[in-house]
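Engineer: Could you have a look at this structure, given as structure tokens, before my questions?
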Amino acid sequence: MTPVLSVRQLEKRFGAVVAADALTLDIPAGQKISLIGANGAGKTTFVNMVTGYLKPDSGTILLDGIDIGRRSPRSVARLGISRSFQIPQLFVELTAAENLTVAISGIGKRMSLRAPAEAQGRRDKAVELLERFGLADLADRPISELAGGVRKLIDIAMALVRRPRLLLLDEPTSGVSAEEKFVTMDRVIHAVAPDAATIVFVEHDMEIVSRYADRVVAFYQGRILADGEPAEVLNNQEVRRYVTGGVR
Amino acid sequence: MRKGLHPLVMIALIAMVTLAGRALPTWTLSLATIAASNALIALGIVVLARTGNVSFGQGLFFAAGGYGVALIANTWGLTDAMAQVIVGAACGGLLGLVIGPLIARYSGIFFGMLTLALSMVFYGALVKSTALGGSDGFNVGRPSLFGMSFTDPREADFMLYAVSVIVTGFAGIAATILFRSEFGLASLAVRENNLRVEYLGLSANRIISINFLIAAIFAGASGAFALMAQRHIDPQFAYWTTSGEFVFVAVLAGNQSVAAVFVASMALELVRSFSNLYLPNTWQLVLGVFLLGVILFLPRGIGSLWIRDRRKRRIPAAATLTAERGAAP
């Protein structure tokens, strides 16, 4: 398969700390890839570089053959990479539907200074997206009133608005109770399915990883320790020693 | 999102307030003209504040509008009140167009201090400029309207009152439409989390720049009104205390209602006038107590008197929701 994202010799240092050490990775279209690793292994740095928040010291990041390594988050988003955040980044004083409406406003070339934000077309689209996550009844609730798990899903829904080529999810089940984590992940996978996006998700929960990922990339001290099918990577001796701590 | 008044109802209100001027005593016409002019510039500050940035230097655009109009009036004899308002708005807008994109990169206190610094640089330049009358400024003639001259002071005051109410009223309608638009919603989003806005493919800087431009246009037009009302201009237009007064009006009004800006501006002018009349030596004290009272009892501004905080309104429902759903959807 042709890679959607192709990363070559990506390097990033913060002083003496090596956050990305010659990372080379191809992400083919349609895959669900999980990035695993201990805290500080370089997963979020990788996501931040791919989405334009951090500029790599060296190396290339190609999205469908276009170099995006020096582009801004806005430019990267417009080219087709969206992300959600470990701590949901929402507009807490706005309602759920208004949050989605702001995201929908970003699709066009120019925003209207006259067209009402609550115009039916935009509202319908916002509610349709919330419906995919089973949250349509919360459309008019301010974010400040909603629970953490709900916020997480709305954060992901906002990332989906642009129908991205590549969707990066930073710990989509963190903060969600053990009983609800599969329900949450099922909803995410179900909601993303219509757009057939390629998904890369950072995850610490190995049950989630083994159930939902087609492929697992294990990070350790800014390097890729292992890359392959979930069973293969999770049984890797080095991964068990440095990443999962022997937990399956 | 709040519905508010329909624009047609607002137009009817503007017509009523304008016609009411015929029945008002002469002294209130001047006061209302100044209040409308201050409301216009404060409205611009509210527009900008919706992006989370407060300008402490709107005097810059106020003075640019005033000086631009005064120079053109004295050089080319442009006396038409509407034309002067347009010229003032254009002068403020042109300056805002240049400064906005540069200043939009900053936020919070840095944004506020930069605007203040720029206005004081302009003030300094005006004071030193002998061609513009230095610290004394210079005078301009009485404005006309559509070829009509007004020699009767009462008629001249009413004309200025009517033009200021109509222009400020229509600016209020434009602001209301803007607040309800998708751009207005995105402006609120910038205030909360501009990085997230960028991740959604929107330019936070562009949103701030456009709001800045609108505020500058309003300030320039307001400068034209102040010039017409006083028929004199001096560097005080750009001084920081002048900018501060406009911020006062914006703070008093809050950012929930366009109408609140007009009410706040009128209330401030009334308090100032009456306290000056009855307590000439301590009027600043009365004004300060009034401001303190509003800040203490209406921390979200005068607009909160008729626009309730929707979060407060929904707390019981929210509590139920959170308890029922827990952390999971």
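For all residues, glycine too, the Cβ spot is worked out from N, Cα and C.
The shown structure was predicted, so the numbers you read here are calculated from the model rather than taken from an experiment.
Sequence annotations record features per position, and here TrEMBL assigns transmembrane segment to B:6-24, B:31-49, B:55-73, B:85-103, B:109-127, B:158-179, B:199-225, B:246-271, B:283-307.
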Engineer: Which residues, given as numbers and ranges, are at least 6 beyond the ends of the transmembrane segment (B:6-24) yet have a Cβ under 8 Å from it?
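Structural biologist: For the transmembrane segment (B:6-24), the sequence-distant neighbours (Cβ-Cβ under 8 Å, at least 6 residues beyond its ends) are 32, 158, 161-162, 165-166, 169-170, 172-173, 176-177.
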Engineer: Cβ under 8 Å, sequence separation of at least 6 from the ends of the transmembrane segment (B:158-179): give me the contacting residues as numbers and ranges.
Structural biologist: 4-5, 7, 10-11, 13-14, 17-18, 21-22, 24, 29-30, 32-33, 36-37, 39-40, 43, 46-47, 50, 81-82, 85, 143, 145, 150, 214, 218, 221, 225, 228-229, 258-259, 261-262
Engineer: Please give the sequence-distant neighbours of the transmembrane segment (B:109-127): residues at least 6 beyond its ends with Cβ less than 8 Å from one of its Cβ atoms.
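Structural biologist: Tertiary neighbours of the transmembrane segment (B:109-127) are 53-60, 63-64, 67, 99, 103, 134-135, 234-235, 238-240, 243.
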Engineer: Determine which recorded stretch among B:31-49, B:85-103, B:246-271, B:283-307 has the most C-beta pairs below 8 angstroms with the transmembrane segment (B:199-225).
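Structural biologist: So the stretch in question is B:85-103.
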Engineer: For the transmembrane segment (B:283-307), could you work out the same-chain residues 6 or more beyond its ends whose Cβ comes under 8 Å from its Cβ atoms?
Structural biologist: 2, 248, 251-257, 259-260, 263-264, 267-268, 271-272, 275-276
Engineer: By a Cβ-Cβ criterion of under 8 Å, what residues six or more beyond either terminus of the transmembrane segment (B:85-103) are in contact with it?
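Structural biologist: Tertiary neighbours of the transmembrane segment (B:85-103) are 60-62, 64-69, 72, 78, 111, 114-115, 118, 163, 167, 205, 208-210, 212-213, 215-225, 227.
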